Amino acid sequence: MAEFVPVAPFDLVIFGGTGDLAQRKLLPALFHRDSDGQFSDDSRIVAVSRGEMEHAAYVDWVREALIGRIDGEFDEKVWSRFAQRLHHVQLDLADGDDWSALAAPLDAEGRRTRVFYLATAPSLFGTVAGRLDAAGLVDANARIVLEKPVGHDFDSARAINDAVGAVFDESQIYRIDHYLGKETVQNVLALRFGNSLFEPLWARGAVDHVQITVAEDIGVGQRFDFYQRTGALRDMVQNHMLQLLCMVAMEAPASMHHDDIRNEKIKVMRALKPITAEGVDRVSVRGRYTAGIVDREPVAGYAEEGGTRDAPAEADTETFVALKAEIDNWRWNGTPFYLRTGKRMARKLSEIVFQFKPVPHSIFGEQPLEPNRLVLSLQPEEGVQLTLMTKEPGPGGFRMRSLPLNLNFPDAFSVTYPDAYERLLMEVLRGNPALFMRRDEIEAAWQWIDRIIDSWASRGVRTHEYMAGSWGPTDSFVLLDRDGRRWAQPI
Ligand SMILES: NC(=O)C1=CN([C@@H]2O[C@H](COP(=O)(O)OP(=O)(O)OC[C@H]3O[C@@H](n4cnc5c(N)ncnc54)[C@H](OP(=O)(O)O)[C@@H]3O)[C@@H](O)[C@H]2O)C=CC1
Ligand SMILES: O=C1O[C@H](COP(=O)(O)O)[C@@H](O)[C@H](O)[C@H]1O
């Protein structure tokens, strides 16, 4: 039975508290934690946005946002407690507005933990930190949460980190990557370092290669303008996929202390072989979806989704990317990590596949033997699967079959899994930054990504079309085929 430990009283200020993220993720996450009794009566949630909103109108808006988004029945008793916490403050963060209205709902005596959650455009991060400081709202116990993306490239990320770092100590800064809040990602630590079985095999000697796939069935939809400026490499690889790669490739941290884990992750990031213009064609593939069928429904292509909106000049934005990443260190030298992510793919699927090497010699004659495979499934199902060669039961010959050993988390544990945002918000309120990215991680990731973007530009690497509902462009299969390998998921 899960135990829900309450957090200390807090004031949580959400800049962008009327936005899509607040509506779909943050407010439902907070409501769930409140319903499990983790918040004190005097804890508050303060939303900031430019729109004029009476208190009652904001409360109604939140209620609408929650109904239908929270798990189970809408509990009116929890709602009346939650509604008491809500405040709305009208401020234009980009303007020189008077910030005194923001101080009003906050505890002036320092009894409550103060958290500033920046669910706004990253271009506002530095300004907001500076204004908070000028308004005297930052003390040693305050924390600031930065939503992704932190910047658009290395230079902008560094400028944001400098501006926020001028006001907040690094220990007070929580840079979110919601993948680090996912149950299976946490379980990578448990699997690797809570069992003696895997660690000796977790290296180039036994592992042929690793595949990390984050496939989505949704398109860019309403976020076309954002995507047009961003693309899949910046949106998904710079953060989520590199974090997954670090979690599975890092050395054993000395403890679960946040800096022990982050110190190991940054070593992986720094050991990533740069993808240069010279080899970019052979180790990367960009794709863009065209119209197709997803989940038996016809869907539009990326270009049609943009409609008549003004598109920036660099219109060849990728909605899919596949990469061959190499880690130049003792453990992984010669063992490639193939990364692939895309929108409008055949189905939603995130998994990490460890493909082990074949046996050195078969005693079973002509019978094909499939090398072992360890699959860490992130979504939609969460679990771990290990395929083993076994003998088919029965008389009359010795027939070999590959069978999976399955650990399916929902079957094994009878608890509801909190959404990643629930876990991450609670970690911020508890003051544990282990599941958040440190400044050096973000900057090292951008350096590696910028190099790829520069290489694409200098070699004029264009996107390849793939049909919505497929597993990506043909070239992404060629990427592995060239190395005599194939993706774990079918074409
Ligand atoms: N939506 C998502 O699923 C995810 C979003 N993110 C990131 O989170 C951030 C917010 O995203 P999202 O919620 O989708 O964006 P939205 O455009 O839906 O919401 C933006 C919010 O910020 C407020 N806002 C914008 N400009 C100002 C300003 N100058 N002063 C005060 N408030 C302002 C808006 O209110 P108003 O217009 O009334 O001022 C609104 O509340 C983005 O950086 C995005 O990349 C990250 C991961 C996932
Ligand atoms: O950060 C982002 O993540 C989502 C995918 O998150 P998931 O938890 O549903 O896997 C992605 O759709 C979005 O483009 C990106 O900004």
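Note that Cβ sites are derived from N, Cα and C of the backbone, with glycine treated the same way.
Unlike curated entries, TrEMBL annotations are predicted automatically.
Site annotation for NADP(+) in TrEMBL covers ASP92, LEU93, LYS148, and the matching candidate from ARG44, ARG50, ARG192, ARG204 is ARG50. Same-site candidate for substrate binding, as annotated by TrEMBL with HIS178, LYS182, GLU216, LYS343, LYS348, chosen from ASP162, ASP169, ASP235, ASP328: ASP235. Scoring each of the binding-site residues (ASP92, GLU216) by how many neighbouring Cβ atoms lie within 10 Å, the top position goes to GLU216.
When secondary structure is read from DSSP and collapsed to three states, ASP235 (substrate binding site) falls in the helix class. Geometry remark: LEU93 (NADP(+) binding site) versus ASP235 (substrate binding site), CA distance 24 Å.
Inclusion criterion for the binding-site residues ARG50, ASP92, LYS148: a C-alpha placed within 10 angstroms of the C-alpha of ASP235 (substrate binding site); this criterion is met by LYS148.
Checked against ligand 2, the binding-site residues ARG50, ASP92, LEU93, LYS182, ASP235, LYS343 give ASP235 as the ones with a Cβ under 6 Å from it, listed in sequence order. Mean pLDDT for the domain 'Glucose-6-phosphate dehydrogenase NAD-binding' (13-187) in the predicted structure: 94.
Looking only at Cα atoms, LYS148 (NADP(+) binding site) sits nearest to HIS240 among the recorded positions LYS182, HIS240, LYS343.
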